[in-house]
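Sharing a structure here in C-alpha cells format.
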Protein chains: 2
Amino acid sequence: MLENNFKVSFNSTLYILSLDPNEDPVTGLARVSSLNSIQTIARRNDRRRWEQERIIQRHISVIDHDHILSEKFESLDYEIIENELYRDEESHKDHQRKLFRQSVNRWVVCFLIGIVTALVAAFIDIMVYYSAQIKFHVIIHALTEKCDHEKIKGGGCIWMVLSAWTFYNCFLVGIAAVLVVYFAPASAGSGIPQIKCFLNGIQIPGVVRLKTLISKAIGVSCAVGGGLAAGKEGPMIHSGAVVAAGISQGRCVSFPMDFKIFEYFRNDKEKRDFVSAGAAAGVAAAFGAPIGGVLFSLEEGASFWNQSLTWRMDNSFNIWEIPAFCIIAVIGGLLGALFNSLNVRITKYRKFYIRTNFQKIFECLLVAATSAFVGFITIFVVDDCKPIGINPNLTEVTKLWCPKGQYSAVASLFFQNPEESVKSLFHSPINSFRPMTLFIFAIEYFLLSLWTFGLNVPSGVFIPTLLTGAAWGRLFGIGVEYLFPDVTGIDTGKYALAGAAAQLGGVVRMTISLTAIIVEATKDITFGMPIMLVLMITKFVGDLFNEGLYDLHIELAEIPFLGWHPPKVCRNILAQTVMRKDVVALEPVESVQRLVEIIRTTRHHGFPIVDMITAPQSAQDFPDYGHLKGILLRSQIIVLLKKRHFTKDYRGKIPAEGAQNVSLADFRSDYPRNESNIPMLNLTPEDMKCFVNLKPFWHPSPHRVPLNASLNSVFVSFRGLGLRYMLVVDDNNKLRGIITRKDIARFKERRVKNQYLVNEVYISHFNN
Amino acid sequence: MLENNFKVSFNSTLYILSLDPNEDPVTGLARVSSLNSIQTIARRNDRRRWEQERIIQRHISVIDHDHILSEKFESLDYEIIENELYRDEESHKDHQRKLFRQSVNRWVVCFLIGIVTALVAAFIDIMVYYSAQIKFHVIIHALTEKCDHEKIKGGGCIWMVLSAWTFYNCFLVGIAAVLVVYFAPASAGSGIPQIKCFLNGIQIPGVVRLKTLISKAIGVSCAVGGGLAAGKEGPMIHSGAVVAAGISQGRCVSFPMDFKIFEYFRNDKEKRDFVSAGAAAGVAAAFGAPIGGVLFSLEEGASFWNQSLTWRMDNSFNIWEIPAFCIIAVIGGLLGALFNSLNVRITKYRKFYIRTNFQKIFECLLVAATSAFVGFITIFVVDDCKPIGINPNLTEVTKLWCPKGQYSAVASLFFQNPEESVKSLFHSPINSFRPMTLFIFAIEYFLLSLWTFGLNVPSGVFIPTLLTGAAWGRLFGIGVEYLFPDVTGIDTGKYALAGAAAQLGGVVRMTISLTAIIVEATKDITFGMPIMLVLMITKFVGDLFNEGLYDLHIELAEIPFLGWHPPKVCRNILAQTVMRKDVVALEPVESVQRLVEIIRTTRHHGFPIVDMITAPQSAQDFPDYGHLKGILLRSQIIVLLKKRHFTKDYRGKIPAEGAQNVSLADFRSDYPRNESNIPMLNLTPEDMKCFVNLKPFWHPSPHRVPLNASLNSVFVSFRGLGLRYMLVVDDNNKLRGIITRKDIARFKERRVKNQYLVNEVYISHFNN
C-alpha cells in the first residue's frame, strides 16, 4: 500500500547517472546507489576488494536478495545547523522575546491541534453515521415497505434489498478508491505505518499534506459507511498527525497559503514533536483515551525509550482466570501471526498484479460487493432467528430474513456499525449468539479484514480485528461455560474482551499503549491486569513467527526504518564497511559552477566540507579528502544560489551584481525544501565564474566516527540522536566516507534456526 | 538529605594534590577540580586567558557563587567498551547460545523483580499494620480500660494515653533514625530523587545496596507506624529499584555473596534498565498501578523521550466543572510552590546546623513527639464530636475526648492510618467534617509534612501531600456547595480528590504518570480528564515559582543532574570553553610504573589513548597530545595490573613472570569496581619496569567533538546517548580536552526577570 502513495518522476538524466554498469542487469539492483558517474571504476575495484574481505566474515553476514530497500525515501533533518548565523541570532536583542513567544506558541499550537483533531474526528463520525442512516432508512426502509406484503420468512424481496445494498456500498467505496488513487495516494490504508516512519525520521512524500487529510477523512467515512471490514481509528490517528504538521507550520503546501505564523517551528525537529503530539491527540479522539494516546506515541512513535522494558511488568490478577486468559492469549498470538503472514502474501501479490488505477479501483469495488454478499449468504446458511426483545437496538436489515418479531443474530453482526457489533459481543446476554454463528462469523470476518487491509482506501485494522477477536473470544467463553457449568461468574462478554485484545495484540503487537487504550475505551480499569497479561503472552507467541503488521508493511514498502535495537551480531561490521566512499565533498570556498553542477547531477542532501580536495592519482582511487570542517545541506546551497550570495573573487571581497545578504529567515522560509525552480535560476556564464564563501553557513560539528567504529555504535548514535548523516574520518580527521540511514538500515537482523544472523539487503532504484 | 548518605574519606595525599593554589582560600572552591599537580601553573595561565575571554560574553554567562556541584558524584558507564576482546567474543562458537540464554534470563529477572518487589511491599504493609495494631489495641486499649470510670468527656486519662502514645511513636521513629544514621545513610528520605539520579546516569554510592533495602523497609515501617507525616510509597519505589539491581546482578555487595548467575548483566547499562523496571514495579506495588508504574519510569526516569510533550494533551470534560477545577489547580500550584520553597529553606538550615548523629536522631524524635502532640492539642481546640454511626471504622483513640457513642472527627484524621484518612476525606458523607476541622487540619498537616520531608528516616511525600490536599479540597467543595446550594451533584469527595491531585502535582510536578497513578489508585477512570487538567494547570502555575521537590533536592545535594533540555541560551558556549584541558592521556604501550602512578595520584575514571604525548615546551603549556585512538577505563587498568598482564620489553614479545591472560570475564567479574586492594598489588621494582600493551583493551571509537561544537550539541549527545566522557579534538584529530558530566552540569539555566540566563556553578571538593 505504501508504495503506491506517491510518484516521484525521476529526471531521466539522473536515472542514467545512477545506473551502475557493475550491477546485475537482471535485477537492476545496486548494492549502493551510485550517483557520481566519474568514479564508477574506482567503486568497482573497491567493491571487489570489499567482497573478498567479506568472505572471511560470511558466517555472520549474508547478502539477502529478497529484501530490498527503496532508494526514494529520504531522512528528516533533526539536527540543528549550528552555523555562524545561528550562533549570532542568540546575541540579538530580541532573541529573549522570541524565546518567550516560542514557548507560549508551543502551548497555543498544541491547544489548536487538540481542537482541530477533535473536529476532524467528529466530522468522520458524523459522515459515517449519516451514510449508514441513508443506507438503512432511506434505501432499505423504502424497499422493505414496498415488498411488505411478503410476510413470511425471507422471500424474493431480500434479493432486491441485497442489490440496492451492494450498489450503495460499491458507490461509497468507489468514492474512497477514486480519492486515494487519483487525488492523494498517501491517504491509503490506516496511516499508522506512515506516521511511525515519519516519527522514526523518514520523509514519506505527501504523508502530512492537507490533501491527504481531506482524502483520508472523506475516504474513511465512505469505506466504513460502505460496509468494508475497515476501522476508522488508524485514519483518525493519521488525521491528527496531519493536523499537527499543518498547524505547527502555519502554512499549507497542497494549496499554497502562508499565514506567516509559527515560522520558528519550520524545521523537521519541531515538526516531528508536534506530529507526535498530533498522533496522540488522534488516539485520544478515536478511542476517548488520552493516556492511551500518550502511551501510543511512546510505544509506536518518537520515543527513544528502550521499548523492551515497557512490557515486562509486575502485575497481579485472579488466580483462577489465568489459565483461560493464557489460552486465549496463545490463540490470539497464533491467529495474529497467521493474519500478518497471509496479509503480507496478499500485499505482495497485489504489488505485482494490481498496478493500474483501474485495477486498483476495481479491486476495491470487488471487496465491497463481496463483503455485502458474504453477509447475506451467511444469513441463509446460519439460520438463527432470535426474538427482538433481547436486543432492541436493531436495524431493519437484520429482520428481513426472519419472521415478524424476530431478527437474525448473524445479520446483526454483519450489518451493524462495527463498533456496535463489538459492543453487542461484549455486553449481550449469554444466549444472544449461537456458537455456530460466532464460529462462521469469526472466520468470515477474519478473511474479509485480511483482504481489506492494504486496499487503496483509507481503512484501519483496529476495529475489524477487535470484532474478529470478540467473536471467537465469546465462542471460547461459551466453551468454558459448557465445560464448567457450575462455576458462576463466567461472563462470555469478558472472554469476548480478552479475545478482542488478544487478536488485536497478535496483529499489531503493541502492549502497554493497547492496554491503556482498551482500558480507557472500556472505561473499566478492573480489566487492566488480565488485558496486560493477555497482550504480553500474545506478543510473545506472535513474535515467534513474524513481526507486527505495521512493521511488516513498512518492510514491504522498502522503507529504511531503524528499529529499537541494532542487529544482535554486528560488532565486527565496521564503519569502513558500512560507509559509502564516493563522497561529494565541498571546499570552504566553492565556485558557483561547481555548486550548480552538484545540485543538478546529484540527489544527495548533505555535503561534507573539507579544507581541501586533492584529485586521485589514478582513476581507480577516490580523491584525497582533506580534514573535515563541517557539513552543508542541499537546501542551503539552493538558498545561496537563489539569493545570489556570490563574490567575484575567491577571497570574498567583491560582491557580484545583485548579490543579496542571506539570513536565517531565508532558510526557514524555504522549508520544506522546494526544488522545483532550480532550472529557472537564470545564472549567466558570468555568474558561473563567481565564488561562494560557505563558512558562515555550514554546521561546524557534524557527528563523526573513526573507521573502526562498529555498526552497533553507529546505530545507537543514529537512533539515539535522530541523525541523518554520520561522517567517517581517519586518525587524522581526514574525511573517508559518509554513512546515511539507508546504509545502516541495509543490515537487518534475522533469526534462522536459532541463529541470529545479519542480512544485507539491496537498495533499489526502481520506483515500483 | 542526600549529602549525608555516604562518607568517602579522601586520601590525604589526593586532597593536597587537588588543592589548587589559584582558588579562593575563603570558599575553597575550584572552578574545575584539579588533580594533576604538575600543571598548576599552566592551568592558572589558561584560566586567566579564559576569564578575559569570558568578559566578552558576560551578558549570557554569569558565574553563580551560591550554587555548587559536588565533585564526589561519578557517572555510570553506559557505553559498551568495544575493544578487541569484545569483538572477538562474537565469533566464538557459544556466543549464539549466550545470546539466547540472555534473552530468556531477561524475562526471568523481570519476573523475579516483580515477585520480590511485591513481597517487600507486602512486608512493609504488614509491618505498618502491626505497629499500628500494637499501638491502638495493646497500649491504648489497656490504658483506656484502666481509666474507664471517667465516663464524661475528656478528663485526665487522656494525658496518660498521650504520653504512652508519644513514647511509643518516638521509640519507633528512633529505630528508623538509628538505622539511617548508623547503618545505611542512603536509605533516608523517599528515595525517588536518588533513583531519578541513578537513571539519569549518576553513581550515588550505596543507593542500590541490600543494606539500604533492609534499612529502608524496616525504617519506613517504623516511620509510618510512628505517626510521622510520612508516606511509604516513595520508599517502596526505591525498594523496587534496589531489588532489581540486586537480582539482575546475581550477587550482593553489602554482604559478600555471589550466586554466579546473570553474570552477563553485570554492567551499568543492563543494571540501569533493570533498575528502571524495578522502580516501575515499585510504583505498581505501592499504588496497585502498573500502567502508572510504566509511565512513572518514563516521566521521572530513564527515558530519552522529550518530556515537554507528554503533558500537553487534548482532552474533553464537563464544561461546568472547569472553573472549579481550575481554581483548585491554581491553589495547588501555589501551595506546592510554597511547600517546595519552604522545604528547601528547612533543608538548607538542616544542612548547616544539624550535623552530628545525635542531632539528627534528636530531630527525628522531636518531630515524632510534635506530630503526636499537635494531634492531641487540635482535639481540644477543635471540639467536633460526631455520632459514631456515621463512620463505624474507628479506632479507640478517636473516641477518647468525646462522650460515649461519639468520636472526634479531627482525631480520626490525625490518628488513623494516613491512607485511611485520605479515603475518609474522599468517601465520607458530606457532613462528616466541619469546615474549621478541615482548615486547621490542612494547615497543621502541611507544616508537619514540610518538617518531616528531609528528616533522616525513610519517608515519602506522596501520602502526606495527598492528605493535605484532600483536606483543603474538601473544604473547597463545602464552600462551593455553600455558594451554589441548588446545584445537585456537588460531591465534596470529588473536590477532595481534585485537591489531593493538585497539592501532589504542585509538589512533585509530574503529570501523565500521576494521572495514571491516581486514576489507577482510585480505580475510577471517569476522573481521568479532570485530574489531567488539574495536574497540567498545577504544573504550569508551580513552574512559575520553582522546580519540583525532587529536582530541588537533587540540586541541594549538589548532584550533577542533566535535565531534559540544554540551557536555552548556550549556542555560543563552545566545547573549548566547557572542556578540561589538563587531560591525563595514555600512549598505546605504557610502563607499569606510569599506570600505577596514575591510578594512585588521580581519581579520573577514563583515560584517553593518543598515539604519542610530547612534553610541553614551557611549563605554562599543556603537553601536545597526539591523535586520538581510544579510551581506557580506570577499572580496566586495575584489572590489567591485578592480572599482571605485563611484558618485559616494549614491543610485547617477552611476557613478565606470572603474567596472566585477561579475558572479558575478568572485567565483568570486577564489576562494580572495587579499588580497595590497589595498595596490595605487591608489585616489585622489577615489575615497575615492565610494559603493558593496551591495544586489545581500549574502546576504539569514543565520542569526539571538534573544539567549536556548542554546549547545546554536546549536551544533546550526552543526554541522548547517556555518555560519561566526550573527547574534544582539533581539526587534525589531536586530543585537546575532555568533557565529563560535571563540566556540562555546571552550566545551569536560570530565568531572571524574563531573561533566560546561563549560570556557571562551582565544583566543590568539600565532602559536606
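Yeah, the Cβs are placed from backbone N, Cα and C, and that goes for glycine too.
Sharing the features that TrEMBL gives for it:
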DOMAIN    B:579-647  domain 'CBS'
DOMAIN    B:698-754  domain 'CBS'
TRANSMEM  B:107-130  transmembrane segment
TRANSMEM  B:158-184  transmembrane segment
TRANSMEM  B:274-298  transmembrane segment
TRANSMEM  B:318-340  transmembrane segment
TRANSMEM  B:361-382  transmembrane segment
TRANSMEM  B:436-454  transmembrane segment
TRANSMEM  B:461-484  transmembrane segment
TRANSMEM  B:496-519  transmembrane segment
Looking only at residues six or more beyond either end of the transmembrane segment (B:158-184), which have a C-beta under 8 A from one in the stretch?
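For the transmembrane segment (B:158-184), the far contacts come to 131, 134-135, 139-140, 143-144, 147, 206, 209, 211-212, 214-216, 218-220, 222-223, 225-228, 357, 360-361, 364-365, 367-369, 371-373, 376, 397, 400-401, 455-458.
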Examine the transmembrane segment (B:496-519) against the transmembrane segment (B:436-454) and state whether at least 3 Cβ pairs sit under 8 A, considering only residue pairs 6 or more apart.
no
Which sequence-distant residues neighbour the transmembrane segment (B:436-454)? Criterion: at least 6 residues beyond either end, Cβ under 8 Å.
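Contacts of the transmembrane segment (B:436-454) (Cβ under 8 Å, skipping residues fewer than 6 from its ends): 1, 189-190, 228-230, 335, 339, 342-343, 346-347, 350, 367, 370-371, 374, 378, 381-382, 384, 409-410, 413-414, 461, 464-465, 467-468, 471-472, 474-475, 478, 549, 553.
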Please count the residues of the domain 'CBS' (B:698-754) that DSSP assigns to helix (H, G, I), strand (E, B) and coil.
16 helix, 23 strand, 18 coil
Could you give me three numbers for the domain 'CBS' (B:579-647), the DSSP helix, strand and coil residue counts?
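Counts, helix then strand then coil: 19 helix, 22 strand, 28 coil.
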